[in-house]
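Over in TrEMBL, the protein carries these features:
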type	residues	note
ACT_SITE	E15	active site
ACT_SITE	S150	active site
ACT_SITE	S281	active site
BINDING	D257, E270	Mg(2+) 1 binding site
BINDING	E270, N272	Mg(2+) 2 binding site
DOMAIN	101-303	domain 'ATP-grasp'
Amino acid sequence: MADKIAVLLGGTSAERDVSLNSGAAVLAGLREGGIDAHPVDPQEVDVAQLKAMGFQKVFIALHGRGGEDGTLQGMLELLGLPYTGSGVMASALSMDKLRSKLLWQGAGLPVAPWVALTRAEFEKGLSEEQKARISALGLPLIVKPSREGSSVGMTKVVEENALQGALSLAFQHDDEILIEKWLCGPEFTVAIVGEEILPSIRIQPAGTFYDYEAKYLSDETQYFCPGGLEASQEAALQSLVLQAWKALGCTGWGRIDVMLDSDGQFYLLEANTSPGMTSHSLVPMAARQAGMSFSQLVVRILELAD
């Protein structure tokens, strides 16, 4: 008898709407591949009952906190249910931009200069040392919550007097935020499925940066796959991504986002252990370039579940 598969979608994070779209696409792709797949929304169903409901495996199509931050993965481990994507620790580290940057930096991998702030520090008022460190980053800056995805709560700061508002917005979404030096070159993303590194994608948003609207709502964002790099650059990018992936302990499938700065250097941005699978999503695009249909992609990801 074929395994009964739960496709977890929706959830309670700020990325619920994206997850509903991802989950619907994954569900259709699995069913097209002959898989006995069923939608399960953790906002409506107690995930602790999945095994009792007869499910043998779980495809995680949740995004953000509660879905890709290690908490759900820990529960599924306790239930003894195989699931897609990375394990508890790699999921938690990847969701936390600050700690993944610290880990990458410790491994000697390139990351953009940054300053981290806690809510308590912000509410107390920044010290002269903190102000000096932020000033040393120069302008523009990018301000982001440490543990949100889909560019939620993220702001590009072009003028110094806009920094306070950007910090306030970021702290609406997290108790810890990052202020990073703005990198001027194009953004790339590289997907990994199992042991296969898929072709890079170059992202060209119509606006100032690749924000939530550019990711999910705009038809003006352009994607180039392959990314147009020379063979030596593509090899260097893939090597960097693989090092970053392994440093975090990621497994299964996911995506690493990278910037190519004006100095010709690649800088790691973040890891995504449960990427979007919507019509605008990047992993399916890279998979198509590698000769893999959407249905083949999701079936392959499910096969990697452990």
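Backbone N, Cα and C define each Cβ position, glycine as well.
Counting every protein chain shown, 21 other Cβ atoms lie within 10 Å of the Cβ of D257 (Mg(2+) 1 binding site). Among the recorded positions E15, D257, S281, the ones whose Cα sits within 10 Å of the Cα of N272 (Mg(2+) 2 binding site) are D257.
Residue with the densest Cβ environment among the recorded positions E15, E270: E15, by other Cβ atoms within 10 Å. Along the domain 'ATP-grasp' (101-303), the predicted structure has mean pLDDT 93. A sphere of 10 angstroms centred on the C-beta of N272 (Mg(2+) 2 binding site) encloses 24 other C-beta atoms.
Cβ-based neighbour count (10 Å, all protein chains) for S281 (active site) stands at 20.
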